[in-house]
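The structure appears below as C-alpha coordinates.
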(Lines of atoms letter the chains of each structure in order from A and count residues from 1; the text may use other names and numbers.)
(Lines give C-alpha, C1' and ligand atoms only; values in the text may rest on other atoms or scores of the structure.)
Protein backbone atom coordinates (compact mmCIF):
# COMPACT_ATOMS: atom_id res chain seq x y z
CA UNK A 1 0.00 0.00 0.00
CA UNK A 2 1.45 3.36 -1.03
CA UNK A 3 2.28 6.17 1.35
CA UNK A 4 -0.16 8.35 -0.63
CA UNK A 5 -3.00 6.32 0.87
CA UNK A 6 -1.82 7.01 4.40
CA UNK A 7 -1.13 10.69 3.74
CA UNK A 8 -4.57 11.20 2.22
CA UNK A 9 -6.55 9.88 5.16
CA UNK A 10 -5.06 12.41 7.64
CA UNK A 11 -7.46 12.42 10.56
CA UNK A 12 -10.55 11.51 8.57
CA UNK A 13 -12.06 8.25 7.37
CA UNK A 14 -13.02 8.70 3.68
CA UNK A 15 -13.76 5.00 3.20
CA UNK A 16 -16.70 2.90 4.29
CA UNK A 17 -16.09 -0.08 6.52
CA UNK A 18 -15.19 -2.90 4.15
CA UNK A 19 -17.94 -5.48 4.35
CA UNK A 20 -19.61 -3.69 7.24
CA UNK A 21 -22.87 -5.44 6.42
CA UNK A 22 -21.31 -8.82 7.22
CA UNK A 23 -19.78 -7.61 10.47
CA UNK A 24 -23.05 -7.59 12.36
CA UNK A 25 -24.15 -8.25 15.90
CA UNK A 26 -27.86 -8.12 15.11
CA UNK A 27 -28.40 -11.51 16.73
CA UNK A 28 -27.36 -10.02 20.06
CA UNK A 29 -29.65 -8.23 22.47
CA UNK A 30 -27.32 -5.21 22.58
CA UNK A 31 -26.42 -4.29 19.00
CA UNK A 32 -23.22 -2.33 18.46
CA UNK A 33 -22.68 0.21 15.70
CA UNK A 34 -19.54 -1.28 14.19
CA UNK A 35 -18.92 1.68 11.93
CA UNK A 36 -18.72 3.95 14.97
CA UNK A 37 -16.63 1.40 16.84
CA UNK A 38 -14.25 1.13 13.90
CA UNK A 39 -13.57 4.87 13.94
CA UNK A 40 -13.00 4.72 17.70
CA UNK A 41 -10.53 1.85 17.36
CA UNK A 42 -8.63 3.58 14.56
CA UNK A 43 -8.31 6.60 16.82
CA UNK A 44 -7.07 4.39 19.66
CA UNK A 45 -4.53 2.72 17.42
CA UNK A 46 -3.25 6.07 16.13
CA UNK A 47 -2.86 7.40 19.66
CA UNK A 48 -0.86 4.32 20.63
CA UNK A 49 1.19 4.62 17.45
CA UNK A 50 2.16 8.21 18.26
CA UNK A 51 3.25 7.35 21.80
CA UNK A 52 5.11 4.02 21.64
CA UNK A 53 7.00 2.70 24.65
CA UNK A 54 9.72 0.08 24.94
CA UNK A 55 9.49 -3.21 26.79
CA UNK A 56 9.06 -2.81 30.56
CA UNK A 57 8.53 0.94 30.07
CA UNK A 58 4.90 0.89 28.86
CA UNK A 59 3.64 3.16 31.66
CA UNK A 60 1.57 5.60 29.61
CA UNK A 61 0.29 2.77 27.43
CA UNK A 62 -0.82 0.93 30.56
CA UNK A 63 -2.61 4.01 31.89
CA UNK A 64 -4.33 4.57 28.54
CA UNK A 65 -5.58 0.98 28.32
CA UNK A 66 -6.91 1.14 31.89
CA UNK A 67 -8.75 4.35 31.05
CA UNK A 68 -10.37 2.76 27.99
CA UNK A 69 -11.50 -0.28 29.98
CA UNK A 70 -12.75 1.65 33.00
CA UNK A 71 -14.86 3.89 30.77
CA UNK A 72 -16.70 0.74 29.66
CA UNK A 73 -17.09 -0.54 33.21
CA UNK A 74 -14.70 -3.46 32.69
CA UNK A 75 -13.19 -4.84 35.91
CA UNK A 76 -9.41 -4.39 36.19
CA UNK A 77 -7.50 -7.16 37.94
CA UNK A 78 -4.77 -6.50 40.51
CA UNK A 79 -1.19 -7.15 39.44
CA UNK A 80 2.29 -6.91 40.88
CA UNK A 81 3.70 -5.99 37.47
CA UNK A 82 4.66 -2.37 36.85
CA UNK A 83 3.24 -2.40 33.33
CA UNK A 84 0.53 -4.36 31.57
CA UNK A 85 -3.22 -4.52 32.15
CA UNK A 86 -5.38 -7.50 33.06
CA UNK A 87 -9.16 -7.51 33.26
CA UNK A 88 -12.16 -9.84 33.50
CA UNK A 89 -15.56 -9.89 31.82
CA UNK A 90 -17.75 -12.49 33.52
CA UNK A 91 -21.01 -13.74 32.03
CA UNK A 92 -24.22 -14.53 33.87
CA UNK A 93 -23.79 -18.30 33.56
CA UNK A 94 -21.00 -20.70 34.46
CA UNK A 95 -18.58 -21.99 31.86
CA UNK A 96 -14.95 -22.03 30.77
CA UNK A 97 -12.55 -19.18 31.40
CA UNK A 98 -10.94 -17.96 28.20
CA UNK A 99 -8.03 -15.52 27.91
CA UNK A 100 -7.51 -13.11 25.02
CA UNK A 101 -4.04 -11.65 24.70
CA UNK A 102 -2.42 -8.64 23.02
CA UNK A 103 1.14 -7.36 23.42
CA UNK A 104 1.63 -3.64 24.01
CA UNK A 105 5.34 -2.77 23.67
CA UNK A 106 7.24 -1.08 20.83
CA UNK A 107 10.72 -1.27 19.32
CA UNK A 108 13.89 0.90 19.39
CA UNK A 109 13.47 1.91 15.73
CA UNK A 110 13.32 5.39 14.19
CA UNK A 111 10.06 5.59 12.24
CA UNK A 112 10.23 6.44 8.53
CA UNK A 113 6.62 6.06 7.41
CA UNK A 114 5.84 9.72 6.81
CA UNK A 115 2.44 9.20 8.43
CA UNK A 116 0.65 12.22 9.95
CA UNK A 117 0.37 10.23 13.18
CA UNK A 118 3.95 8.92 13.20
CA UNK A 119 5.76 8.28 16.46
CA UNK A 120 6.44 11.33 18.60
CA UNK A 121 9.01 9.42 20.64
CA UNK A 122 12.36 9.67 18.90
CA UNK A 123 13.97 6.32 18.19
CA UNK A 124 10.89 4.32 19.27
CA UNK A 125 8.25 2.90 16.94
CA UNK A 126 5.40 0.43 16.82
CA UNK A 127 7.18 -1.40 14.01
CA UNK A 128 5.67 -4.78 14.86
CA UNK A 129 2.04 -3.71 15.04
CA UNK A 130 1.47 -4.08 18.76
CA UNK A 131 -0.62 -0.90 18.58
CA UNK A 132 -2.86 -2.83 16.17
CA UNK A 133 -3.05 -5.80 18.55
CA UNK A 134 -3.93 -3.57 21.50
CA UNK A 135 -6.63 -1.68 19.62
CA UNK A 136 -8.09 -4.95 18.32
CA UNK A 137 -8.28 -6.46 21.80
CA UNK A 138 -9.86 -3.31 23.19
CA UNK A 139 -12.47 -3.57 20.45
CA UNK A 140 -13.14 -7.20 21.32
CA UNK A 141 -13.43 -6.21 24.99
CA UNK A 142 -16.00 -3.53 24.15
CA UNK A 143 -18.06 -6.04 22.13
CA UNK A 144 -17.88 -8.65 24.88
CA UNK A 145 -18.86 -6.11 27.53
CA UNK A 146 -21.88 -5.02 25.47
CA UNK A 147 -23.01 -8.65 25.38
CA UNK A 148 -21.83 -9.67 28.84
CA UNK A 149 -25.18 -11.11 29.90
CA UNK A 150 -25.07 -13.70 27.11
CA UNK A 151 -21.57 -14.96 27.90
CA UNK A 152 -21.45 -18.56 29.12
CA UNK A 153 -18.31 -18.23 31.18
CA UNK A 154 -15.57 -15.68 31.77
CA UNK A 155 -13.18 -13.75 29.54
CA UNK A 156 -9.80 -12.60 30.80
CA UNK A 157 -8.04 -9.82 28.92
CA UNK A 158 -4.25 -9.94 28.87
CA UNK A 159 -2.60 -6.72 27.70
CA UNK A 160 0.89 -8.10 28.00
CA UNK A 161 4.07 -6.03 28.37
CA UNK A 162 7.57 -6.83 27.16
CA UNK A 163 6.92 -9.29 24.33
CA UNK A 164 9.87 -7.87 22.40
CA UNK A 165 12.10 -8.54 25.40
CA UNK A 166 11.18 -12.20 25.05
CA UNK A 167 9.94 -12.87 28.56
CA UNK A 168 6.86 -10.75 29.16
CA UNK A 169 4.60 -13.78 29.04
CA UNK A 170 6.58 -15.55 31.76
CA UNK A 171 6.07 -12.56 34.07
CA UNK A 172 2.34 -12.63 33.37
CA UNK A 173 2.25 -16.32 34.29
CA UNK A 174 4.28 -15.73 37.46
CA UNK A 175 1.86 -12.93 38.34
CA UNK A 176 -0.97 -15.47 38.39
CA UNK A 177 -2.90 -14.04 35.47
CA UNK A 178 -3.26 -17.46 33.86
CA UNK A 179 -4.60 -19.07 37.04
CA UNK A 180 -8.03 -20.59 36.47
CA UNK A 181 -7.87 -20.04 32.71
CA UNK A 182 -8.80 -22.97 30.47
CA UNK A 183 -7.66 -21.73 27.05
CA UNK A 184 -5.94 -18.74 25.49
CA UNK A 185 -6.29 -17.02 22.12
CA UNK A 186 -4.00 -14.51 20.45
CA UNK A 187 -3.10 -13.10 17.08
CA UNK A 188 -0.33 -11.32 15.23
CA UNK A 189 -0.69 -9.02 12.28
CA UNK A 190 0.77 -10.34 9.02
CA UNK A 191 1.59 -7.73 6.35
CA UNK A 192 1.95 -10.33 3.59
CA UNK A 193 -1.61 -11.61 4.12
CA UNK A 194 -4.59 -9.72 2.70
CA UNK A 195 -7.09 -7.94 4.92
CA UNK A 196 -10.04 -10.22 5.57
CA UNK A 197 -7.85 -13.30 5.72
CA UNK A 198 -6.70 -15.19 8.80
CA UNK A 199 -4.02 -17.87 8.98
CA UNK A 200 -4.82 -20.77 11.32
CA UNK A 201 -2.70 -23.85 11.73
CA UNK A 202 -2.63 -26.78 14.15
CA UNK A 203 0.79 -27.62 15.56
CA UNK A 204 3.99 -25.57 15.15
CA UNK A 205 3.35 -22.05 13.87
CA UNK A 206 6.36 -20.08 15.13
CA UNK A 207 9.88 -21.09 16.07
CA UNK A 208 11.75 -21.47 19.32
CA UNK A 209 14.34 -18.73 19.72
CA UNK A 210 17.78 -19.30 21.20
CA UNK A 211 20.64 -16.82 21.26
CA UNK A 212 24.34 -17.54 21.64
CA UNK A 213 27.52 -15.60 22.27
CA UNK A 214 30.92 -17.27 21.99
CA UNK A 215 34.12 -15.61 23.20
CA UNK A 216 37.12 -17.34 21.65
CA UNK A 217 40.30 -16.76 23.62
CA UNK A 218 43.68 -17.16 21.97
CA UNK A 219 47.08 -15.53 22.29
CA UNK A 220 47.83 -12.34 20.45
CA UNK A 221 50.91 -11.91 18.29
CA UNK A 222 52.37 -9.76 15.53
CA UNK A 223 50.73 -10.54 12.21
CA UNK A 224 54.18 -11.32 10.77
CA UNK A 225 54.91 -13.78 13.59
CA UNK A 226 51.75 -15.93 13.82
CA UNK A 227 53.69 -18.89 15.22
CA UNK A 228 54.17 -16.94 18.44
CA UNK A 229 50.43 -16.87 19.14
CA UNK A 230 47.18 -18.80 18.89
CA UNK A 231 45.00 -17.11 16.31
CA UNK A 232 41.34 -16.72 17.42
CA UNK A 233 40.37 -15.29 14.02
CA UNK A 234 41.33 -18.54 12.30
CA UNK A 235 39.52 -20.49 15.01
CA UNK A 236 36.39 -18.34 14.75
CA UNK A 237 36.36 -18.70 10.97
CA UNK A 238 36.58 -22.47 11.19
CA UNK A 239 33.94 -22.56 13.91
CA UNK A 240 31.44 -20.52 11.90
CA UNK A 241 31.73 -22.95 8.99
CA UNK A 242 31.66 -26.04 11.21
CA UNK A 243 28.53 -24.88 13.04
CA UNK A 244 26.60 -24.95 9.76
CA UNK A 245 27.15 -28.71 9.55
CA UNK A 246 24.90 -29.14 12.59
CA UNK A 247 21.87 -28.31 10.45
CA UNK A 248 23.11 -29.99 7.27
CA UNK A 249 24.55 -33.17 8.82
CA UNK A 250 23.06 -33.70 12.29
CA UNK A 251 19.44 -32.56 12.05
CA UNK A 252 17.03 -34.87 10.26
CA UNK A 253 16.48 -33.29 6.81
CA UNK A 254 12.73 -33.76 7.28
CA UNK A 255 12.95 -31.48 10.33
CA UNK A 256 13.75 -27.78 10.31
CA UNK A 257 16.45 -25.71 11.98
CA UNK A 258 18.31 -22.47 11.37
CA UNK A 259 21.69 -21.52 12.83
CA UNK A 260 22.85 -18.03 11.92
CA UNK A 261 25.96 -16.15 13.03
CA UNK A 262 24.96 -12.52 12.77
CA UNK A 263 27.90 -10.80 14.44
CA UNK A 264 31.67 -11.29 14.59
CA UNK A 265 34.06 -8.92 16.31
CA UNK A 266 37.81 -9.24 16.77
CA UNK A 267 40.98 -7.27 16.31
CA UNK A 268 41.68 -3.55 16.23
CA UNK A 269 44.34 -3.11 13.57
CA UNK A 270 45.67 -4.73 10.39
CA UNK A 271 48.99 -6.11 11.60
CA UNK A 272 48.16 -7.66 14.98
CA UNK A 273 46.58 -11.02 15.77
CA UNK A 274 44.10 -10.29 18.60
CA UNK A 275 43.71 -12.14 21.87
CA UNK A 276 39.97 -12.72 21.45
CA UNK A 277 37.20 -12.90 18.90
CA UNK A 278 33.48 -12.82 19.75
CA UNK A 279 30.72 -14.27 17.61
CA UNK A 280 26.98 -13.97 18.23
CA UNK A 281 23.93 -15.44 16.58
CA UNK A 282 20.66 -17.30 16.87
CA UNK A 283 19.14 -20.76 16.52
CA UNK A 284 15.53 -21.31 15.40
CA UNK A 285 13.71 -24.64 15.65
CA UNK A 286 10.13 -25.96 15.62
CA UNK A 287 10.65 -29.12 17.66
CA UNK A 288 11.87 -29.40 21.26
CA UNK A 289 14.00 -32.48 20.57
CA UNK A 290 15.67 -30.79 17.61
CA UNK A 291 16.20 -27.72 19.77
CA UNK A 292 18.05 -29.77 22.38
CA UNK A 293 20.00 -31.65 19.71
CA UNK A 294 21.26 -28.43 18.11
CA UNK A 295 22.29 -27.01 21.47
CA UNK A 296 24.23 -30.14 22.45
CA UNK A 297 26.03 -30.29 19.12
CA UNK A 298 26.76 -26.56 19.29
CA UNK A 299 28.67 -26.94 22.54
CA UNK A 300 30.47 -30.06 21.31
CA UNK A 301 31.56 -28.56 17.99
CA UNK A 302 32.65 -25.32 19.64
CA UNK A 303 34.77 -27.17 22.19
CA UNK A 304 36.37 -29.43 19.58
CA UNK A 305 37.17 -26.71 17.05
CA UNK A 306 38.64 -24.50 19.75
CA UNK A 307 40.81 -27.32 21.08
CA UNK A 308 42.07 -28.07 17.58
CA UNK A 309 43.55 -24.57 17.39
CA UNK A 310 44.74 -24.41 21.02
CA UNK A 311 41.99 -21.93 21.85
CA UNK A 312 39.49 -21.66 24.68
CA UNK A 313 35.82 -20.95 24.03
CA UNK A 314 33.38 -19.47 26.53
CA UNK A 315 29.77 -20.00 25.44
CA UNK A 316 26.81 -18.00 26.73
CA UNK A 317 23.50 -19.53 25.68
CA UNK A 318 20.17 -17.76 26.20
CA UNK A 319 17.05 -19.85 25.73
CA UNK A 320 14.14 -17.75 24.52
CA UNK A 321 10.52 -18.72 23.85
CA UNK A 322 9.80 -22.36 22.96
CA UNK A 323 8.12 -23.38 19.69
CA UNK A 324 4.60 -22.01 19.43
CA UNK A 325 2.34 -25.04 18.91
CA UNK A 326 -1.41 -24.55 18.47
CA UNK A 327 -3.86 -26.97 20.05
CA UNK A 328 -5.93 -28.92 17.52
CA UNK A 329 -9.29 -28.71 19.32
CA UNK A 330 -9.04 -25.02 20.19
CA UNK A 331 -7.81 -24.11 16.71
CA UNK A 332 -10.79 -25.95 15.24
CA UNK A 333 -13.18 -23.84 17.31
CA UNK A 334 -11.33 -20.65 16.38
CA UNK A 335 -11.57 -21.67 12.72
CA UNK A 336 -15.35 -21.96 13.14
CA UNK A 337 -15.38 -18.44 14.59
CA UNK A 338 -13.35 -17.08 11.68
CA UNK A 339 -15.85 -18.51 9.22
CA UNK A 340 -18.72 -16.97 11.19
CA UNK A 341 -16.91 -13.62 10.99
CA UNK A 342 -16.83 -14.08 7.19
CA UNK A 343 -13.04 -14.23 7.11
CA UNK A 344 -11.11 -16.25 4.56
CA UNK A 345 -9.15 -18.94 6.41
CA UNK A 346 -5.81 -20.15 5.07
CA UNK A 347 -3.22 -22.66 6.28
CA UNK A 348 -0.18 -20.40 6.76
CA UNK A 349 3.44 -21.36 6.37
CA UNK A 350 5.17 -21.48 9.77
CA UNK A 351 7.29 -18.46 10.66
CA UNK A 352 10.86 -18.73 11.92
CA UNK A 353 10.22 -15.64 14.04
CA UNK A 354 9.60 -16.23 17.73
CA UNK A 355 6.66 -15.27 19.95
CA UNK A 356 6.47 -15.51 23.74
CA UNK A 357 2.78 -16.44 23.49
CA UNK A 358 4.34 -19.91 23.27
CA UNK A 359 4.95 -19.81 27.03
CA UNK A 360 1.20 -19.68 27.63
CA UNK A 361 0.74 -22.76 25.46
CA UNK A 362 3.14 -24.69 27.68
CA UNK A 363 0.59 -24.25 30.50
CA UNK A 364 -2.82 -24.32 28.82
CA UNK A 365 -4.16 -25.14 25.35
CA UNK A 366 -4.75 -22.33 22.93
CA UNK A 367 -4.49 -20.98 19.44
CA UNK A 368 -2.50 -18.18 17.85
CA UNK A 369 -3.48 -16.73 14.47
CA UNK A 370 -1.83 -14.71 11.73
CA UNK A 371 -4.18 -11.86 10.83
CA UNK A 372 -3.93 -10.18 7.44
CA UNK A 373 -3.04 -6.46 7.45
CA UNK A 374 -1.74 -6.05 3.89
CA UNK A 375 1.39 -3.89 4.32
CA UNK A 376 4.37 -3.13 2.10
CA UNK A 377 7.04 -3.88 4.69
CA UNK A 378 7.66 -6.70 7.13
CA UNK A 379 7.86 -6.54 10.91
CA UNK A 380 10.62 -4.38 12.43
CA UNK A 381 11.02 -2.25 9.28
CA UNK A 382 11.13 1.55 9.84
CA UNK A 383 8.42 1.99 7.18
CA UNK A 384 6.16 -0.75 8.56
CA UNK A 385 2.44 0.01 8.29
CA UNK A 386 -0.89 -1.79 8.56
CA UNK A 387 -4.19 -1.37 6.73
CA UNK A 388 -6.44 0.09 9.41
CA UNK A 389 -9.56 -1.54 7.97
CA UNK A 390 -8.21 -4.75 9.50
CA UNK A 391 -8.64 -3.50 13.08
CA UNK A 392 -12.41 -3.94 13.36
CA UNK A 393 -12.16 -7.32 11.65
CA UNK A 394 -9.54 -8.44 14.18
CA UNK A 395 -11.74 -7.24 17.05
CA UNK A 396 -14.71 -9.14 15.69
CA UNK A 397 -12.56 -12.23 15.11
CA UNK A 398 -11.39 -12.21 18.74
CA UNK A 399 -14.94 -11.60 19.92
CA UNK A 400 -16.34 -14.48 17.88
CA UNK A 401 -13.47 -16.77 18.90
CA UNK A 402 -14.11 -16.13 22.58
CA UNK A 403 -17.84 -16.66 22.10
CA UNK A 404 -17.27 -19.88 20.14
CA UNK A 405 -15.16 -21.36 22.91
CA UNK A 406 -17.65 -20.34 25.57
CA UNK A 407 -20.63 -21.59 23.58
CA UNK A 408 -19.05 -24.84 22.46
CA UNK A 409 -20.84 -28.04 23.40
CA UNK A 410 -17.42 -29.68 23.40
CA UNK A 411 -16.37 -28.04 26.66
CA UNK A 412 -14.43 -31.14 27.60
CA UNK A 413 -11.86 -29.97 25.09
CA UNK A 414 -11.48 -26.71 26.97
CA UNK A 415 -12.01 -27.46 30.62
CA UNK A 416 -12.48 -30.47 32.85
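Note: Cβ is positioned from N, Cα and C throughout, glycine not excepted.
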Original post:
Which single residue out of 47, 188 does Swiss-Prot record at the Zn(2+) 2 site shared with 128, 130?
Top reply: 188
**OP:** Using the centroid of the Cβ atoms of 128, 164, 380 as reference, list every other same-chain residue with Cβ within 8 Å of it (recorded Zn(2+) 1 site), in sequence order.
**Re:** 106, 107, 109, 127, 130, 379
Original post:
What number of additional C-beta atoms lies within 10 angstroms of the C-beta atom of residue 128 (Zn(2+) 1 binding site)?
Top reply: 23
**OP:** Write down the Cα-Cα distance for residue 380 (Zn(2+) 1 binding site) and residue 130 (Zn(2+) 2 binding site), rounded and given in Å.
**Re:** 11
Subject >> Distant-in-sequence Cβ neighbours of residue 380 (Zn(2+) 1 binding site), under 8 Å, six or more positions away >> reply: 107, 109, 127, 128
